[in-house]
């Protein structure tokens, strides 16, 4: 039984993710943990799933503390005082989705071995209900947001910048506006009222969805704009000119400051731009599979000082292995206090990137990738942890099967003549599909 993807258990509410499934997850988890903390994002279906999880955990003897509507990084930080954390969220997915993400006390999401243990136990009904007098204690705690804010305030300096903050009607509205105000910022909020229908925009904080934020930054003469997804584990930005800052640019900017004055290891996924490595001269770049869980595992294994992925997940292991969009927002404000965001962007190297996709049936992907690997291997240094990435003198190309669609994706980046690299890879891919 496969339940977990790269972002925990996730699917459409009452179709793929049901109260029965949540109850079973709770029963299995409660049989293995003595204490747990649980929270939720503002999705309409989140309380339903949360209550089922609580019922399962307490029925098997686990003491559960409920912290209410919170961001995922707030929940992951709270988990440090429990044996595990449980977050009901579907992150950046649309409103009909819901999910369950499980956290270790160090802020690391459950790894593959832990996930497989849960899946097998559900399949085998490997749990036991406790007698009435051993049912787990249930309590509520309203202090998690304040504790998270206090931790960040100890690590980040104050600032008087004017910031436009688009919370996307997500859980970030419970913490980021208040944190930035307490740090001294003038904060103008957009979509700060949590609403599980996400009426203002799609929860994913990408360039296409942040039209309102880009305009507001210019109209209000703000120093920068900040945006979250539904559970605020992600954070993206807009510079003072109203231009969206790409994920690769954000990776490089944070990396420059985290690595300032010292050499260190930075962990990024395989689809990350050369911009990051070229900006962080002297630092070791470690590449992982795409997904913040894999980046976090890479950080822990390598002892890296920072990592993230261009979708908006920034991980600072000195505070947690969970991507923390709240801390990242405060940190970016501290950085921009010293230099404008547009100027920071201008200092980064720029390379041409080209992306495309080809249809490929899911049951043909493995055979396709073997053929592509054989053709690409002689062309450069190969990394095959997630698709096939080939690094050449002039750039790199990545051929990677989609995890959600019947497609294969091709990404090429080059210092010059990107079309040449892309066309070469596309030709090889098309031949492999025959």
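Glycine too: its Cβ is placed from the backbone N, Cα and C atoms.
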Problem - Same-site Mg(2+) binder from 45, 91, 95, 402, given that Swiss-Prot records 229, 231, 233 - result: 91
Completion exercise
Near Mg(2+): residues not in 91, 229, 231, 233 with Cβ within 8 Å of the site Cβ centroid are 41, 71, 72, 89, 92, 170, 171, 203, 228, 230, 232, 234, 325
Problem - Spatial separation of residue 91 (active site, phosphoserine intermediate) from residue 233 (Mg(2+) binding site) - C-alpha basis, Å - result: 7
Fill in the blank from the handout: Other C-beta atoms within 10 angstroms of the C-beta of residue 229 (Mg(2+) binding site) total 33
Problem - Fewest other C-beta atoms within 10 angstroms, as judged across 91, 231, 233, which are the recorded positions - result: 91
Fill in the blank from the handout: Simplified DSSP label at residue 231 (Mg(2+) binding site) comes out coil
